[in-house]
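The coiled coil annotation in Swiss-Prot covers 87-177, 220-256. What Swiss-Prot records for 232-257, 318-351, 361-371 is compositional bias 'Basic and acidic residues'. Look at Swiss-Prot and you will find 232-371 tagged as region 'Disordered'. Summarising the annotation, Swiss-Prot assigns compositional bias 'Basic residues' to 258-317. What Swiss-Prot records for S336, S363 is phosphoserine, and it gives similarity to another entry as the kind of evidence.
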Amino acid sequence: MSAQAQMRALLDQLMGTARDGDETRQRVKFTDDRVCKSHLLDCCPHDILAGTRMDLGECTKIHDLALRADYEIASKERDLFFELDAMDHLESFIAECDRRTELAKKRLAETQEEISAEVSAKAEKVHELNEEIGKLLAKAEQLGAEGNVDESQKILMEVEKVRAKKKEAEEEYRNSMPASSFQQQKLRVCEVCSAYLGLHDNDRRLADHFGGKLHLGFIQIREKLDQLRKTVAEKQEKRNQDRLRRREEREREERLGRRSGSRTRDRRRSRSRDRRRRRSRSTSRERRKFSRSRSRDRYRRHRSRSRSHSRGHRRASRDRSTKYKFSRERSLREESWEYGRNERGPTDWRLENSNGKTASRRSEEKEAGEI
């Protein structure tokens with residue numbers, strides 16, 4: 001990569017996709033499924049193991065330092081939970097690496113000469129000391145490259161102590177088996193990167209292995225996987241607590257709502273009961289008032305009819321008595337007239353005929369008119 005390309009990549013990593021107003025680069029967002037989430041978290045095995053014996057080539061997903069910068073800016077404002085995707089990716093990769101390690105162990109067990117359990121334990125001890133020496137030498141070289149010479153010298157002194165222990169372990173291993181078998185190279189599979197290690201490897205070979213990019217890359221991947229598992233577990237626990245708290249708050253609000261609703265219903269029922277009671281009393285009062293009014297009306301109509309009947313009866317009685325009195329008087333007058341007619345003579349008849357009425361008749365009619 002040229003110096004200009006390196007500067008461009010550095011600017012992308014620092015400022016993101018919109019560092020120079022390029023709209024075409026913003027068409028793909030870091031949230032796109034085509035973007036590698038492990039790359040955004042700086043733990044993609046394709047980047048870490050690039051240039052090693054186990055180079056995986058280019059990743060099938062998009063790798064862009066500018067998108068990583070965009071993600072780092074956005075992750076400060078809200079949680080995107082990309083750790084879960086990266087954890088799944090690394091778990092599948094480490095599972096494949098562990099599978100290769102088990103296959104290598106099985107192949108060694110089939111090809112190498114069988115040894116006793118005691119000899120195997122002594123050989124395992126030599127391997128562990130070799131591994132410790134290689135790690136210490138790699139750490140000393142790293143500290144020396146960083147300029148921390150004093151710490152590097154202290155680690156080299158520890159390396160000398162471990163070398164003495166290794167020499168004693170090799171003597172025990174040599175004395176426990178025949179010379180012909182001891183000269184045979186005993187291999188061991190590295191538990192971290194599944195590479196082969198020899199029992200008689202020198203310190204330089206061990207330092208190159210444990211300080212090499214392949215072994216350190218696998219250590220970085222495994223440590224990142226452990227960190228992601230811890231982060232995901234913490235976030236899931238926090239999410240569960242938030243969900244539980246929201247559920248409790250919702251249940252508390254529902255209980256308060258039910259209590260408030262119950263009190264409201266009780267008040268509503270009480271008011272409705274009072275209204276019904278007042279309405280019932282008012283209806284009863286109106287009914288009694290109406291009943292009394294109807295009773296009074298009936299009583300008044302009855303009395304009116306009674307009075308009318310009494311007046312009519314009295315009027316009829318008077319009419320009948322008057323009529324009876326008139327008929328009685330008339331009959332008496334007629335009887336008296338008949339009697340007087342029989343007693344009067346021709347002169348009286350002529351006078352009556354000339355006047356049309358007798359004096360007694362005229363007096364009777366006058367009396368009847370006055371009545």
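Glycine is no exception: its Cβ is also placed from the backbone N, Cα and C atoms.
Through the fold, the coiled coil (220-256) approaches residues 41, 43, 45, 48, 79, 81, 83-84, 86-87, 90-91, 93-94, 192 of its own chain, all at least 6 residues removed from its boundaries and within a Cβ separation under 8 Å.
Break the compositional bias 'Basic and acidic residues' (232-257) down by DSSP state and the numbers are 26 helix, 0 strand, 0 coil. Computed over the coiled coil (87-177), the whole-number mean pLDDT of the model equals 82.
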